[in-house]
Amino acid sequence: MKPYLDLLQHVLEHGAEKSDRTGTGTRSVFGWQMRFDLNDGFPLVTTKKLHLRSIIHELLWFLQGDTNIGYLSDNQVRIWDEWADDNGDLGPVYGKQWRRWTGPDGVEIDQMQWLVDEIKRNPDSRRLVISAWNVGELPQMALMPCHSLFQFYVVNGKLSCQLYQRSGDIFLGVPFNIASYALLTHMVAQATGLGVGDFVHTLGDAHLYSNHFDQARKQLTRTPRALPTLRLNPEVTDLFAFRFEDIAIEGYDPHPAIKAPVAV
């Protein structure tokens, strides 16, 4: 995970001090790209322990088109709690946009189903794009999309994915985002009969919150360990049929977790 650690180091040393929506303060850079060959292991940060349960359940929640935290709460995942209303609702966030994007005529579009069908139909398409940035519904969202747009690319029987993330909380959020979209790439590849290529992560405002500096420095003192391996149940070929038990991460041997506050 050298690309991720390089980003941490660069922002600590060269980032610009900026104010932010949460009032915490950040150090940030604009425009950064990381590339991970998914054949070299599953890109899960090893210099601190990540909560795999949260990463997997959140992605499954997105893919079901859900926008209420009930499913997450039932599975001991708390990462969206701070933004939910009293009924557990978040408004038309990621799951709604991925599965039920509402156009100006009121017609809903299942972007993810279209994507799977189009990869099978026309793998050389340059239009294999999913967007969560539905301008007309942004005001209704509890949190506007940070990972806002992603594109797939097929060559030599391998599927690659590039994510554009407008805003990246480098210490807490970005490791989750890397793992989540790497997992999604594997799942889409299996659902379309392809192998995996690269995951490319492009960040707009890549920032460290001021109350994460010490934790980032601590993480940089640790030596990365071997990447784990992802195993998907080979019998699942429908992207929307994956369940938690169909996904296994083997050989994950991280350093201990490093706690840090979430900026809300």
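Glycine too: its Cβ is placed from the backbone N, Cα and C atoms.
Annotation source Swiss-Prot lists active site, nucleophile at CYS146. Residues within less than 8 Å, Cβ to Cβ, of CYS146 (active site, nucleophile) and separated from it by at least 6 positions along the same chain comprise GLN165, ARG166, SER167, GLY168, ASP169, GLY173, ASN177. DSSP assigns CYS146 (active site, nucleophile) to coil in the three-state reduction, placing it in neither a helix nor a strand.
The annotation dUMP binding site is assigned in Swiss-Prot to ARG21, ARG126, ARG127, ARG166, SER167, GLY168, ASP169, ASN177, HIS207, LEU208, TYR209 on the grounds of sequence analysis. DSSP assigns SER167 (dUMP binding site) to a strand.
The (6R)-5,10-methylene-5,6,7,8-tetrahydrofolate binding site annotation in Swiss-Prot covers HIS51, ASP169, ALA263. A simple way to gauge crowding: the CB of ALA263 ((6R)-5,10-methylene-5,6,7,8-tetrahydrofolate binding site) has 20 other CB atoms within 10 angstroms, across all the protein chains here.
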Rounded to a whole number of Å, the separation of the Cα atoms of TYR209 (dUMP binding site) and ALA263 ((6R)-5,10-methylene-5,6,7,8-tetrahydrofolate binding site) comes to 8
Between the C-alpha atoms of ARG127 (dUMP binding site) and ALA263 ((6R)-5,10-methylene-5,6,7,8-tetrahydrofolate binding site), the distance in angstrom, to the nearest integer, is 35
Fewest neighbouring Cβ atoms within 10 Å among the binding-site residues HIS51, SER167, TYR209 goes to HIS51
